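J.: If you scroll down you'll find the structure; I have some questions about it.
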Ligand SMILES: Nc1ncnc2c1ncn2[C@@H]1O[C@H](COP(=O)(O)OP(=O)(O)OP(=O)(O)O)[C@@H](O)[C@H]1O
């Protein structure tokens, strides 16, 4: 966003590349934090941009919009999302809980009377849900997910290697050599990391190994595992039996962390699968709901109609 004129210079992935790299008159903002709106005006601008992009520049369209939101958000946060979408030009706004959308996107049979467990690990929130008959039977949402894993790496680099690194570098380390469970190849994972040395204040390169990065993420990982265990403990027995048969499904970008499925399998004793395209599950599921609006009408957790 250009600070002086308050116009967006880039949105989405293009803007993400600018995080931590902007000059004084440009500011990179994250309108959504922990799955909810952190900056209302920028969120509205972002939605307007997406609506325009989908409609290839036509400005007078008033689409029906389905928005995925974390299941644990408050009523005020829900209303803020609906309000931002209406202000951005939506005709009707429907909210769907992200775990439900993720499960549909991952191909789980959510309409059937069987228990399905989905764990959606995004940037800010991890959501664990048991679904049956198009609805959420029970769910738990913790505000620990991919971003917190990266943050643990940042803290570790500072504390152990005296190296200050940015958000994007921490994420790169996580993606390239991070893992949740030890594997044979683990020791081979290493990476050269550039940052600012805390003591000299000068740029420095440090070599790091896979196991130390796994160790640095152990705290947030155990928060995620504990949420899964708590949800399983609360699951009614018939549905728990279905989950044992069918396994647990992992979705969201955090599901791509190496060895996370093995860690959850190991901790719960239940086979855990990673969805085919975990980063796109929520959006694919949301799209499928729009395409099958009548059949899947019960999946919505909120709606507002304006015309
Ligand atoms: N290959 C990978 N390995 C580990 N983590 C990854 C990988 N790819 C993406 N991620 C992480 O996934 C997270 C983003 O996931 P996703 O896009 O599903 O979240 P989101 O929908 O933006 O967040 P939220 O659901 O909290 O609103 C980021 O923390 C990112 O670092």
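Placement of Cβ uses the backbone N, Cα and C atoms for every residue, glycine included.
These numbers come from a predicted model, not from an experiment.
Below are the features I grabbed from TrEMBL:
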{"type": "BINDING", "residues": "123, 124, 125, 171, 172, 173, 174, 253, 254, 255, 256", "note": "ATP binding site"}
J.: Near the Cβ of residue 172 (ATP binding site), how many other Cβ atoms are there if near means within 10 Å?
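T.: There are 17 of them.
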J.: Should residue 256 (ATP binding site) be counted as helix, strand, or coil on the basis of DSSP?
T.: helix
J.: Using only the residues recorded as binding ATP (123, 124, 125, 171, 172, 173, 174, 253, 254, 255, 256), report the maximum Cα-Cα distance in Å, whole number please.
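T.: With 123, 124, 125, 171, 172, 173, 174, 253, 254, 255, 256 as the binding residues for ATP, the largest Cα distance is 20 Å.
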J.: In sequence order, which same-chain residues at least six apart have a C-beta under 8 angstroms from residue 174 (ATP binding site)?
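T.: Counting only residues 6 or more apart in sequence, the Cβ neighbours of residue 174 (ATP binding site) under 8 Å are 146, 149, 150, 153, 213, 217, 257.
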J.: Can you check what DSSP calls residue 125 (ATP binding site), collapsed to helix, strand or coil?
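T.: DSSP assigns residue 125 (ATP binding site) to coil.
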J.: Count the Cβ atoms, other than its own, that fall within 10 Å of the Cβ of residue 123 (ATP binding site), considering every protein chain shown.
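T.: The Cβ of residue 123 (ATP binding site) has 19 Cβ neighbours within 10 Å.
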